Every structure is written in structure tokens, then in C-alpha cells.
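For reference, the structure discussed in these notes is given below.
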Amino acid sequence: MRIHCIGPGSIGSLICFHLQSITPITLLLRSRQAQHRRSIPTLSIQLEQQDRTRTATGFTYEFLNKQQQQPIESLIVTTKAPHVLESLQRVRHRLSANSTVLLLHNGLGVVEELIETCFQEPSSRPTFVLATTSHGVYRIDKGLPGTQAGSHGRFCHAGLGDIRLGVLPNTTIRNCLERLRGHSNQPSSNDDGQNLQDDNPLLNPHSRTKPVLEEHLPDIEPETRSLHYTLSSLLNPLMIKELNTKWLPMGDFQTSALIKLTVNAAINPISALLETRNEALYRESSFESLCRQVCQEASAVFAAQAGQPFRPHHSLSAPNLQRVVNDIVLATRANISSMCSDIRTLATNRISPHKTLSKANLNRIAASQAPIKIPNYQSLISGQEEKSVKETSTEIDYINGYICRLGSQFNVDTPLNQSLSDLVKLKSFAIKRAQVLPKLQRVNRRLKINRPEDNPATPDQLDLFEKPENHPGSHQLDLFEKPENNHLADNQASVVDKS
């Protein structure tokens, strides 16, 4: 059996690096990388750890397109949460009820999104394995993957952690295990009258029994073979040694995932808004105040979902969540959160021009002197946002946004989580807007567009072609002038002009 991996970035490459010695691995890559890879039969991954560099070779690869038809039995998905749905839609035709899909990303809510939109029919739905990780790994070579012939990339495993796995209850697996139980001579209850189903966490999601692969999941049936193979590969002694992989009962996994969600909800958006390392948050009274409220809101939502309040020492109580956040800030104070990194990357990425501003279209207009019609800047940025979200976007909708949606479902107010979510989105929009508008100004100057007198510009076009000083009171002022030429406060100007 072969394991495929979508989104082999830092974490995905770390996992594939170690799995390669256990099972064949195929990397599923974006088609934009095709020009670098067409003549290369296999790829390699380099991993640095504690002044030692190792190389794993022999990775086969495919491109994410619908031309591939070969079934996928086991799939690891390590893309960012906002990209999971789109990625799986590209390989949906290759998955079946006998497939296993492992999801590893920040935040929660993705699997619900997949079930609602992509895998609505339980009888054809693959088995989902949910995963979280606390490993720290980052890319060393900053160039486009594949610029070095035969190399997928070079990564540094900087912080040791663990990988926790939880198997989502699945109708196909449950029916198979029930059938096997019925065919065996095993009684349905023990001498104490306890249902033996309670001992198998794959049959009872509320079971606290530690899962044992060979005991709880036989590999003799087609329905269970893929899940068994995936888990046995991830729980191989080498994987346990290198990545500390653990299979938890679903109840324990959910608790662990909610704690991690709250940690991310407190640290990530604030560090992203400030564009700072975690050390700036350590022992800062204003952060502790915000952290306390984030944890209180999250704990109230989790308690409402559980249907009962938490005791003070419960792992999901507000005081315990805040203690965990403070411990993580201390342990990772030299680190940059993933959301802060996303914001920084967004600020340095080049946004592709709107189709109206394509080179071919501009050449045609320049040659014919025909009037040009460009949509207003809001439309342009909306188009860029849709395009650029595939490249870089934050996971705020699956972190603080998830807490807000859950709060709305259970009638629990989450004002701070909502505000943090809105602020991160606003910051992302401001960065994109600041990138698009200078491009439009340069285009206007190059083409020297003249409008017919009988066809004056509409108000939504004025901001693209004319200086705002010709229109007193324009709310677009800060988008076009340098901060020193207007009367904006420094903190307002800095959102647009980051010089």
C-alpha cells in the first residue's frame, strides 16, 4: 500500500521524511510547480536536526489535477485549514469508503466542512483520522520548491513535540467491526454485564480505553485494511521514537484538540496583529488580560457544548486554559506564531495583476488608444483576495472563528474572539489593498488615459485615476499620499505605508 500526502510543507515534509523508510510515499503537488519537475523522476527531502543533516530519497510525486484516476487508499493532508476543502475536491474521485484520510492542521471545523460539502453520503465517506502536533519545524531554503533539481526542500526540525491521533467514528468501520464481533464466539457482555463494545474506542467514541491496534482493529477486511495500514505506519516504533506519535481515544483527543485551539486563539491573533515574536507577550499585563478573556469565552463555549459547567480543576476550565497558554508562551517565547508568519508572508508576497491589468490587455489598449474600463479598487482587491488566498491566508476562521461559531450555536457570547477574528481579517485586507493600489496608479501613468468629455469618470473610478486633493474630504486620502503629506495619525498611516 502507498501513502499519498497533500500539502507537504514543513510539517508534511517532516512526517513524510520519516515515513519514507516504512512505506512508499507519493507527494501531491500544485500544478504551478510542474515546470520545475517534469523531467525529474523522484524527489528528496533534507532534514536538519541538532547539527545533523539527513536526506530521504525516492519520493514519487503527482500533480493535483483530475487527470489522475488511480485510487488513493491512504492520504495525509497537511495543507492549511482554509485550503483543505479545495485540495480534497481535486482528489475526491480517487477516494472511497475504504480510504483513510488523515487531517493535520491548526484549528477545528474542517472535517465538519468536508462532511457537509464533499462527503455527504456516509456509505461512500472515507475514514477520517484527526491529528494535532506540537513539533516545531521550518523551511530553510526559501526559494520555490524544486528550484534545486530533485529536491523538494530542506527543513529544520527545531522543536521536539508529539503527534496525537484520533479516529473519527465511521459507519463503514463500525459495521465491519460489529459484523466481525457477531461472527466470533465472543459474548456481547462480560460476567459483570458490561457491554464489550465499551472496550473498543472505534465502536464507542466515549470509551476511555487506550486503543491497541492489533486488538481493536483487525486488518483482514477490505473496510479496515487502509485504516490499519495507516495507523500501523504512523505508530511504527521508528515513528514513535522520532515523532512521538500517539493514538488516543476520541474523547481524550477532543479534549487535547480544544486545549490546543484555545492556546492558538490566545497567542496567534495577538502576535499576528503586533507582528512580533511570542516573547513580547510574556508577562505583559495587557496580554494576560486579553488571554484571560479569550480563555473564559472558550471555556464557556466548551461547557455549553458538553452540557454542564466545568469544575475549577477541569482541563477545559478557564483557569487551567490560561495556565496552559502562559506555559506555552514561556516555552515558545523565541518563536514566531504561524499566523504572524502568514501575515508577514502576505506583506512580502507579490499579488498577480487583475485580468484587466494583464500585459496583453494593456498592450492592446496602448496600441488602439481605446478607452479603458477598470473596476473600482474594491472589486480588484476582492479578485486578488480570492486568488491570493490559495497562496497565503491565515487560519483565523478555524481558530477564533470556530469558537465564535460554536458560541453562536450554543448561545454563548464571544465578543473578544469575534473582535480578534475581525481585526486579523482587516489587517490582511489592508495589506492586500496597499499592494494593489500602487499598481493601478503606475498603470494609469504609463497609459496616460484620456477620457471623452461626454463620458466622465464615475465616482468609483475617480479614486483610480485622480489625486484625492481634487476631491476634498475624500475618505481615500490615506491610500494615495505619503503619510507626511496628509494629516493622518502615525498609527493610521503605518497600516498602508510600511516604509
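Please read every residue number as a count from 1 along the shown chain.
Quick reminder: no glycine exception, Cβ is built from N, Cα and C everywhere.
Here is what TrEMBL says about this protein:
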COMPBIAS  183-198  compositional bias 'Polar residues'
COMPBIAS  464-487  compositional bias 'Basic and acidic residues'
COMPBIAS  488-499  compositional bias 'Polar residues'
DOMAIN    3-169  domain 'Ketopantoate reductase N-terminal'
DOMAIN    252-345  domain 'Ketopantoate reductase C-terminal'
DOMAIN    392-427  domain 'Ketopantoate reductase C-terminal'
REGION    181-208  region 'Disordered'
REGION    449-499  region 'Disordered'
Spatial neighbours of the domain 'Ketopantoate reductase C-terminal' (392-427) far in sequence, C-beta under 8 Å, 6+ residues away: 80-83, 105-110, 261-262, 264-265, 268-270, 272-273, 290, 293-294, 297-298, 300-301, 304-305, 338-339, 342-343, 345-346, 349, 495
Mean pLDDT across the domain 'Ketopantoate reductase C-terminal' (252-345), rounded to an integer, is what? 93
From the DSSP assignment alone, can you count helix, strand and coil residues within the domain 'Ketopantoate reductase C-terminal' (252-345)? 70 helix, 0 strand, 24 coil
DSSP puts the residues of the domain 'Ketopantoate reductase C-terminal' (392-427) at 26 helix, 0 strand, 10 coil
